[in-house]
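Below: one structure, written as C-alpha coordinates.
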Amino acid sequence: MNLHEYQAKSLFAEYGLPVSEGFACDTAQEAVEAAGHIGGNLWVVKCQVHAGGRGKAGGVKVTGDKEEIRAFAEHWLGKNLVTYQTDEKGQPVAKILVESCTDIANELYLGAVVDRATRRVVFMASTEGGVEIEKVAEETPELIHTAIIDPLTGPQGYQARDLGFKLGLNPTQMKQFTKIFMGLATMFVDHDFALLEINPLVITTEGNLHCLDGKIGIDGNALYRQPKIKGMHDPSQDDAREAHAAKFELNYVALDGNVGCMVNGAGLAMGTMDIVNLHGGKPANFLDVGGGATKERVAEAFKIILSDSNVKAVLVNIFGGIVRCDMIAEGIIGAVKEVGVKVPVVVRLEGTNAELGREVLAKSGLDIIAATSLTDAAEQVVKAAEGK
(Lines of atoms letter the chains of each structure in order from A and count residues from 1; the text may use other names and numbers.)
(Lines give C-alpha, C1' and ligand atoms only; values in the text may rest on other atoms or scores of the structure.)
Protein backbone atom coordinates (compact mmCIF):
# COMPACT_ATOMS: atom_id res chain seq x y z
CA MET A 1 0.00 0.00 0.00
CA ASN A 2 1.29 3.45 -0.92
CA LEU A 3 0.69 6.82 0.70
CA HIS A 4 0.21 10.21 -0.90
CA GLU A 5 2.84 12.90 -0.46
CA TYR A 6 0.69 14.90 1.96
CA GLN A 7 0.14 11.79 4.09
CA ALA A 8 3.85 11.00 4.13
CA LYS A 9 4.67 14.53 5.20
CA SER A 10 2.13 14.41 8.02
CA LEU A 11 4.01 11.38 9.37
CA PHE A 12 7.33 13.17 8.89
CA ALA A 13 6.04 16.08 10.96
CA GLU A 14 4.97 13.72 13.77
CA TYR A 15 8.57 12.54 14.04
CA GLY A 16 9.97 16.06 14.09
CA LEU A 17 11.23 16.20 10.51
CA PRO A 18 11.33 19.57 8.71
CA VAL A 19 8.51 19.83 6.15
CA SER A 20 6.76 22.71 4.42
CA GLU A 21 3.48 24.05 5.75
CA GLY A 22 0.82 22.68 3.45
CA PHE A 23 -2.80 21.64 3.06
CA ALA A 24 -4.41 18.88 0.98
CA CYS A 25 -7.44 20.41 -0.72
CA ASP A 26 -10.54 18.85 -2.29
CA THR A 27 -11.77 21.93 -4.15
CA ALA A 28 -10.34 24.92 -5.99
CA GLN A 29 -11.73 27.29 -3.37
CA GLU A 30 -10.04 25.32 -0.57
CA ALA A 31 -6.75 25.57 -2.48
CA VAL A 32 -7.03 29.36 -2.72
CA GLU A 33 -7.92 29.62 0.97
CA ALA A 34 -4.98 27.35 1.86
CA ALA A 35 -2.58 29.73 0.10
CA GLY A 36 -4.00 32.61 2.11
CA HIS A 37 -3.62 30.68 5.35
CA ILE A 38 -0.01 29.76 4.56
CA GLY A 39 0.84 33.35 3.70
CA GLY A 40 3.77 34.63 1.70
CA ASN A 41 3.75 35.44 -1.99
CA LEU A 42 4.87 32.18 -3.60
CA TRP A 43 3.32 28.72 -3.37
CA VAL A 44 3.70 25.23 -4.83
CA VAL A 45 0.62 23.29 -5.92
CA LYS A 46 0.89 19.55 -6.57
CA CYS A 47 -1.49 16.88 -7.85
CA GLN A 48 -1.70 14.02 -5.35
CA VAL A 49 -1.33 10.67 -7.12
CA HIS A 50 0.62 7.48 -6.44
CA ALA A 51 3.13 8.07 -9.22
CA GLY A 52 6.36 9.91 -9.88
CA GLY A 53 7.05 12.24 -12.77
CA ARG A 54 4.27 14.67 -11.84
CA GLY A 55 6.31 17.77 -12.62
CA LYS A 56 7.11 16.75 -16.20
CA ALA A 57 3.43 15.86 -16.73
CA GLY A 58 2.22 19.29 -15.61
CA GLY A 59 1.06 18.09 -12.20
CA VAL A 60 3.24 20.53 -10.22
CA LYS A 61 3.20 24.32 -10.46
CA VAL A 62 5.01 27.14 -8.68
CA THR A 63 3.02 30.36 -8.64
CA GLY A 64 2.58 33.65 -6.84
CA ASP A 65 -0.97 34.17 -8.15
CA LYS A 66 -3.91 32.73 -6.20
CA GLU A 67 -6.06 32.77 -9.33
CA GLU A 68 -3.49 30.51 -10.99
CA ILE A 69 -3.86 28.18 -8.01
CA ARG A 70 -7.62 28.18 -8.57
CA ALA A 71 -7.18 27.49 -12.29
CA PHE A 72 -4.68 24.69 -11.61
CA ALA A 73 -7.04 23.01 -9.13
CA GLU A 74 -10.07 23.39 -11.41
CA HIS A 75 -8.09 21.89 -14.27
CA TRP A 76 -6.83 18.82 -12.43
CA LEU A 77 -9.39 17.87 -9.77
CA GLY A 78 -11.52 15.03 -11.09
CA LYS A 79 -9.16 14.32 -13.98
CA ASN A 80 -6.41 11.74 -14.49
CA LEU A 81 -2.71 12.59 -14.47
CA VAL A 82 -0.62 10.53 -16.88
CA THR A 83 3.10 10.21 -16.08
CA TYR A 84 5.89 7.85 -17.13
CA GLN A 85 5.03 5.72 -14.08
CA THR A 86 1.32 5.27 -14.90
CA ASP A 87 -0.48 3.46 -17.70
CA GLU A 88 -2.11 5.37 -20.54
CA LYS A 89 -5.18 6.08 -18.39
CA GLY A 90 -3.17 7.72 -15.62
CA GLN A 91 -4.16 8.15 -11.97
CA PRO A 92 -7.20 10.13 -10.75
CA VAL A 93 -6.53 13.43 -8.99
CA ALA A 94 -8.82 13.90 -5.98
CA LYS A 95 -6.64 16.24 -3.91
CA ILE A 96 -4.30 19.15 -4.55
CA LEU A 97 -1.48 19.85 -2.09
CA VAL A 98 -0.79 23.55 -1.57
CA GLU A 99 2.52 24.34 0.14
CA SER A 100 4.78 27.24 0.93
CA CYS A 101 7.60 27.60 -1.58
CA THR A 102 11.13 26.61 -0.50
CA ASP A 103 14.27 28.33 -1.80
CA ILE A 104 16.63 25.55 -2.87
CA ALA A 105 20.42 25.71 -2.90
CA ASN A 106 21.11 21.99 -3.42
CA GLU A 107 19.20 18.72 -3.80
CA LEU A 108 20.06 15.43 -2.09
CA TYR A 109 18.46 11.99 -1.97
CA LEU A 110 17.62 9.93 1.11
CA GLY A 111 15.69 6.67 1.05
CA ALA A 112 15.32 3.29 2.72
CA VAL A 113 14.11 -0.15 1.68
CA VAL A 114 13.89 -3.64 3.12
CA ASP A 115 16.83 -5.39 1.45
CA ARG A 116 16.05 -9.07 0.94
CA ALA A 117 19.72 -9.94 0.41
CA THR A 118 20.86 -8.70 3.82
CA ARG A 119 17.44 -9.07 5.48
CA ARG A 120 17.91 -5.61 6.90
CA VAL A 121 16.56 -2.12 6.45
CA VAL A 122 19.08 -0.33 4.23
CA PHE A 123 19.33 3.46 3.98
CA MET A 124 20.60 5.06 0.80
CA ALA A 125 21.87 8.61 0.40
CA SER A 126 23.20 10.48 -2.60
CA THR A 127 24.22 13.94 -3.71
CA GLU A 128 22.18 13.27 -6.87
CA GLY A 129 18.79 14.37 -5.57
CA GLY A 130 15.79 15.37 -7.64
CA VAL A 131 16.38 12.70 -10.31
CA GLU A 132 15.39 9.04 -10.66
CA ILE A 133 17.52 7.12 -8.18
CA GLU A 134 17.26 4.03 -10.43
CA LYS A 135 19.06 5.98 -13.14
CA VAL A 136 21.79 7.02 -10.70
CA ALA A 137 22.19 3.40 -9.53
CA GLU A 138 22.61 2.24 -13.12
CA GLU A 139 24.91 4.96 -14.43
CA THR A 140 26.88 6.16 -11.38
CA PRO A 141 26.40 3.64 -8.54
CA GLU A 142 29.43 5.01 -6.71
CA LEU A 143 27.36 8.11 -5.90
CA ILE A 144 24.93 6.10 -3.77
CA HIS A 145 26.05 5.56 -0.17
CA THR A 146 24.40 3.03 2.14
CA ALA A 147 23.91 2.27 5.82
CA ILE A 148 22.59 -1.12 6.96
CA ILE A 149 20.46 -1.02 10.11
CA ASP A 150 21.06 -3.87 12.55
CA PRO A 151 17.64 -4.88 13.95
CA LEU A 152 19.17 -5.63 17.36
CA THR A 153 20.85 -2.26 17.89
CA GLY A 154 18.65 -0.07 15.69
CA PRO A 155 19.87 3.05 13.88
CA GLN A 156 23.08 4.57 15.21
CA GLY A 157 24.24 8.17 15.16
CA TYR A 158 27.59 7.22 13.65
CA GLN A 159 25.77 5.80 10.61
CA ALA A 160 24.03 9.12 10.05
CA ARG A 161 27.31 11.01 10.44
CA ASP A 162 29.06 8.67 8.02
CA LEU A 163 26.40 9.34 5.37
CA GLY A 164 26.48 13.04 6.18
CA PHE A 165 30.25 13.24 5.60
CA LYS A 166 29.84 11.51 2.24
CA LEU A 167 27.16 14.04 1.30
CA GLY A 168 29.52 16.89 2.16
CA LEU A 169 27.38 18.39 4.93
CA ASN A 170 28.72 21.02 7.33
CA PRO A 171 28.53 20.55 11.14
CA THR A 172 25.15 22.28 11.48
CA GLN A 173 23.66 20.30 8.63
CA MET A 174 25.19 17.13 10.07
CA LYS A 175 23.14 17.56 13.26
CA GLN A 176 19.99 18.13 11.21
CA PHE A 177 20.72 15.13 9.02
CA THR A 178 21.28 12.90 12.05
CA LYS A 179 17.89 13.91 13.45
CA ILE A 180 16.21 13.20 10.11
CA PHE A 181 18.00 9.86 9.72
CA MET A 182 17.13 8.67 13.22
CA GLY A 183 13.52 9.81 12.85
CA LEU A 184 13.07 8.06 9.53
CA ALA A 185 14.65 4.83 10.76
CA THR A 186 12.36 4.78 13.80
CA MET A 187 9.34 5.60 11.66
CA PHE A 188 10.24 2.86 9.18
CA VAL A 189 10.07 0.16 11.85
CA ASP A 190 7.17 1.65 13.84
CA HIS A 191 4.86 1.65 10.82
CA ASP A 192 6.11 -1.42 8.92
CA PHE A 193 7.32 0.48 5.87
CA ALA A 194 8.59 -1.40 2.84
CA LEU A 195 9.96 1.69 1.10
CA LEU A 196 10.69 5.29 2.01
CA GLU A 197 12.04 8.13 -0.12
CA ILE A 198 12.72 11.81 0.31
CA ASN A 199 13.62 12.96 -3.17
CA PRO A 200 14.72 15.61 -2.96
CA LEU A 201 15.99 16.26 0.53
CA VAL A 202 17.07 19.83 -0.07
CA ILE A 203 19.54 22.26 1.41
CA THR A 204 17.78 25.62 1.49
CA THR A 205 19.45 28.92 0.64
CA GLU A 206 19.67 29.47 4.41
CA GLY A 207 21.72 26.27 4.71
CA ASN A 208 19.10 24.08 6.40
CA LEU A 209 17.91 20.60 5.45
CA HIS A 210 14.28 20.29 4.37
CA CYS A 211 12.09 17.35 3.28
CA LEU A 212 10.67 18.65 0.02
CA ASP A 213 8.95 15.45 -1.10
CA GLY A 214 7.90 12.17 0.49
CA LYS A 215 7.15 8.70 -0.80
CA ILE A 216 6.12 5.82 1.44
CA GLY A 217 5.20 2.20 0.68
CA ILE A 218 3.75 0.00 3.42
CA ASP A 219 4.05 -3.77 3.76
CA GLY A 220 0.47 -4.86 3.05
CA ASN A 221 0.89 -7.96 5.21
CA ALA A 222 1.34 -5.72 8.27
CA LEU A 223 -1.74 -3.53 7.81
CA TYR A 224 -3.70 -5.56 10.36
CA ARG A 225 -1.54 -4.01 13.09
CA GLN A 226 -1.38 -0.54 11.53
CA PRO A 227 -5.00 0.74 11.75
CA LYS A 228 -3.95 4.37 11.41
CA ILE A 229 -1.96 3.69 8.25
CA LYS A 230 -4.68 1.42 6.87
CA GLY A 231 -7.11 4.32 7.25
CA MET A 232 -4.95 6.36 4.86
CA HIS A 233 -5.58 3.95 1.99
CA ASP A 234 -6.88 5.67 -1.15
CA PRO A 235 -8.72 3.02 -3.20
CA SER A 236 -9.02 5.38 -6.18
CA GLN A 237 -5.30 4.87 -6.83
CA ASP A 238 -5.56 1.08 -7.00
CA ASP A 239 -5.75 -0.86 -10.23
CA ALA A 240 -9.49 -1.57 -10.67
CA ARG A 241 -8.91 -5.24 -11.50
CA GLU A 242 -6.56 -5.74 -8.54
CA ALA A 243 -9.08 -4.10 -6.20
CA HIS A 244 -11.91 -6.28 -7.55
CA ALA A 245 -9.77 -9.41 -7.17
CA ALA A 246 -9.02 -8.58 -3.54
CA LYS A 247 -12.76 -8.68 -2.75
CA PHE A 248 -12.76 -12.37 -3.69
CA GLU A 249 -9.43 -13.07 -1.95
CA LEU A 250 -7.70 -13.47 -5.31
CA ASN A 251 -4.11 -12.28 -5.59
CA TYR A 252 -3.96 -10.49 -8.95
CA VAL A 253 -1.27 -8.29 -10.46
CA ALA A 254 -1.74 -6.86 -13.95
CA LEU A 255 1.15 -7.20 -16.41
CA ASP A 256 1.58 -6.23 -20.06
CA GLY A 257 1.51 -9.57 -21.91
CA ASN A 258 -1.20 -11.48 -23.78
CA VAL A 259 -1.31 -14.84 -21.93
CA GLY A 260 -3.72 -14.85 -19.01
CA CYS A 261 -2.58 -17.06 -16.11
CA MET A 262 -4.77 -18.64 -13.43
CA VAL A 263 -2.88 -20.74 -10.88
CA ASN A 264 -3.35 -22.00 -7.31
CA GLY A 265 -0.35 -21.08 -5.21
CA ALA A 266 1.99 -18.10 -5.47
CA GLY A 267 5.12 -20.18 -6.10
CA LEU A 268 3.44 -22.23 -8.83
CA ALA A 269 2.08 -19.00 -10.32
CA MET A 270 5.55 -17.51 -10.58
CA GLY A 271 6.90 -20.75 -12.04
CA THR A 272 4.07 -20.75 -14.57
CA MET A 273 4.89 -17.22 -15.65
CA ASP A 274 8.55 -18.21 -16.01
CA ILE A 275 7.80 -21.16 -18.27
CA VAL A 276 5.42 -19.08 -20.41
CA ASN A 277 8.28 -16.62 -20.88
CA LEU A 278 10.69 -19.47 -21.59
CA HIS A 279 8.51 -20.60 -24.49
CA GLY A 280 8.27 -17.14 -26.03
CA GLY A 281 5.05 -15.92 -24.44
CA LYS A 282 4.35 -12.91 -22.25
CA PRO A 283 2.12 -13.28 -19.17
CA ALA A 284 -0.73 -10.78 -18.96
CA ASN A 285 -1.04 -11.18 -15.22
CA PHE A 286 -0.14 -12.94 -12.00
CA LEU A 287 -3.24 -14.54 -10.49
CA ASP A 288 -3.25 -16.89 -7.51
CA VAL A 289 -6.71 -18.32 -6.74
CA GLY A 290 -5.41 -19.89 -3.53
CA GLY A 291 -6.03 -23.32 -2.09
CA GLY A 292 -9.83 -23.12 -2.05
CA ALA A 293 -10.38 -22.71 -5.78
CA THR A 294 -14.20 -22.91 -5.88
CA LYS A 295 -16.36 -22.52 -8.98
CA GLU A 296 -17.31 -19.01 -7.88
CA ARG A 297 -13.71 -17.91 -7.41
CA VAL A 298 -12.63 -19.49 -10.69
CA ALA A 299 -15.47 -17.66 -12.46
CA GLU A 300 -14.42 -14.34 -10.95
CA ALA A 301 -10.82 -15.07 -11.88
CA PHE A 302 -11.84 -15.62 -15.50
CA LYS A 303 -13.83 -12.37 -15.49
CA ILE A 304 -10.86 -10.43 -14.15
CA ILE A 305 -8.38 -11.98 -16.59
CA LEU A 306 -10.66 -11.39 -19.58
CA SER A 307 -11.35 -7.79 -18.60
CA ASP A 308 -7.87 -7.18 -20.05
CA SER A 309 -8.42 -6.77 -23.79
CA ASN A 310 -4.80 -7.80 -24.45
CA VAL A 311 -5.44 -11.38 -23.33
CA LYS A 312 -5.46 -13.73 -26.35
CA ALA A 313 -5.33 -17.07 -24.48
CA VAL A 314 -5.64 -18.32 -20.90
CA LEU A 315 -3.51 -20.90 -19.11
CA VAL A 316 -5.06 -22.57 -16.06
CA ASN A 317 -2.44 -24.46 -14.04
CA ILE A 318 -3.80 -26.28 -10.99
CA PHE A 319 -2.10 -28.65 -8.57
CA GLY A 320 -4.68 -30.68 -6.67
CA GLY A 321 -3.31 -30.89 -3.18
CA ILE A 322 -5.93 -29.33 -0.94
CA VAL A 323 -8.65 -29.60 -3.60
CA ARG A 324 -9.48 -32.43 -6.03
CA CYS A 325 -8.74 -31.87 -9.71
CA ASP A 326 -12.12 -33.24 -10.81
CA MET A 327 -13.83 -30.62 -8.67
CA ILE A 328 -11.60 -27.93 -10.17
CA ALA A 329 -12.44 -29.19 -13.65
CA GLU A 330 -16.16 -28.84 -12.89
CA GLY A 331 -15.49 -25.33 -11.65
CA ILE A 332 -13.58 -24.42 -14.82
CA ILE A 333 -16.37 -25.78 -17.03
CA GLY A 334 -19.01 -23.89 -15.08
CA ALA A 335 -16.95 -20.71 -15.16
CA VAL A 336 -16.30 -20.94 -18.91
CA LYS A 337 -20.04 -21.41 -19.54
CA GLU A 338 -21.00 -18.58 -17.19
CA VAL A 339 -18.46 -16.06 -18.41
CA GLY A 340 -18.66 -16.97 -22.08
CA VAL A 341 -14.93 -17.24 -22.70
CA LYS A 342 -14.09 -16.37 -26.31
CA VAL A 343 -10.33 -17.06 -26.23
CA PRO A 344 -8.52 -20.43 -26.14
CA VAL A 345 -8.22 -21.97 -22.68
CA VAL A 346 -5.39 -24.40 -21.90
CA VAL A 347 -5.71 -26.40 -18.67
CA ARG A 348 -3.00 -28.38 -16.91
CA LEU A 349 -4.11 -30.48 -13.92
CA GLU A 350 -1.82 -32.46 -11.60
CA GLY A 351 -2.34 -34.06 -8.22
CA THR A 352 -5.41 -35.63 -6.62
CA ASN A 353 -7.83 -37.04 -9.22
CA ALA A 354 -5.89 -35.32 -12.03
CA GLU A 355 -6.76 -38.02 -14.60
CA LEU A 356 -10.43 -37.83 -13.65
CA GLY A 357 -10.28 -34.06 -13.98
CA ARG A 358 -8.87 -34.32 -17.49
CA GLU A 359 -11.65 -36.75 -18.43
CA VAL A 360 -14.27 -34.31 -17.15
CA LEU A 361 -12.77 -31.56 -19.32
CA ALA A 362 -12.60 -33.83 -22.38
CA LYS A 363 -16.29 -34.77 -22.05
CA SER A 364 -17.47 -31.19 -21.51
CA GLY A 365 -17.82 -30.44 -25.20
CA LEU A 366 -16.18 -27.06 -24.63
CA ASP A 367 -13.14 -25.73 -26.48
CA ILE A 368 -10.79 -26.43 -23.58
CA ILE A 369 -7.32 -27.80 -24.34
CA ALA A 370 -6.16 -30.34 -21.75
CA ALA A 371 -2.36 -30.27 -21.47
CA THR A 372 -0.37 -33.36 -20.51
CA SER A 373 2.43 -31.47 -18.74
CA LEU A 374 3.47 -27.97 -17.76
CA THR A 375 5.79 -27.76 -20.76
CA ASP A 376 2.98 -28.89 -23.06
CA ALA A 377 0.65 -26.33 -21.46
CA ALA A 378 3.12 -23.50 -22.01
CA GLU A 379 3.75 -24.48 -25.63
CA GLN A 380 0.04 -24.80 -26.38
CA VAL A 381 -1.00 -21.52 -24.77
CA VAL A 382 1.78 -19.55 -26.49
CA LYS A 383 0.73 -20.98 -29.87
CA ALA A 384 -2.91 -20.19 -29.11
CA ALA A 385 -2.08 -16.61 -28.13
CA GLU A 386 -0.24 -16.21 -31.43
CA GLY A 387 -3.27 -17.54 -33.32
CA LYS A 388 -1.52 -20.72 -34.46
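All positions are counted from 1 along the displayed chain.
Every residue, even glycine, has its Cβ placed from backbone N, Cα and C.
For THR102 (ATP binding site), the number of other Cβ atoms no farther than 10 Å from its own Cβ, over all displayed protein chains, is 18. Residues or ranges marked as ATP binding site by Swiss-Prot on the basis of sequence analysis: LYS46, GLY53, ARG54, GLY55, GLU99, THR102, GLU107.
Residues or ranges marked as Mg(2+) binding site in Swiss-Prot (evidence: sequence analysis): ASN199, ASP213. Just so you know, the Cβ of ASN199 (Mg(2+) binding site) picks up 23 other Cβ atoms within 10 Å once every protein chain is counted.
Marked as substrate binding site by Swiss-Prot on the basis of sequence analysis: ASN264, GLY321, ILE322, VAL323. Around the Cβ of VAL323 (substrate binding site), the number of neighbouring Cβ atoms within 10 Å comes to 21.
What Swiss-Prot lists as domain 'ATP-grasp' is 9-244, and the listing cites sequence analysis.
Residue density at ARG54 (ATP binding site): 20 other Cβ atoms are found within 10 A of its Cβ, drawing on all protein chains shown. Each of the binding-site residues GLU99, GLU107, ASP213 was scored by the other Cβ atoms within 10 Å of its Cβ; the lowest score goes to GLU107. Around LYS46 (ATP binding site), the C-beta neighbours below 8 angstroms that are at least 6 residues distant in the chain are GLU5, ARG54, GLY59, VAL60, LYS61, ILE96, LEU97, GLU99. Of all the binding-site residues listed here (ASP213, ASN264, VAL323), ASP213 has the Cα closest to the Cα of GLU107 (ATP binding site).
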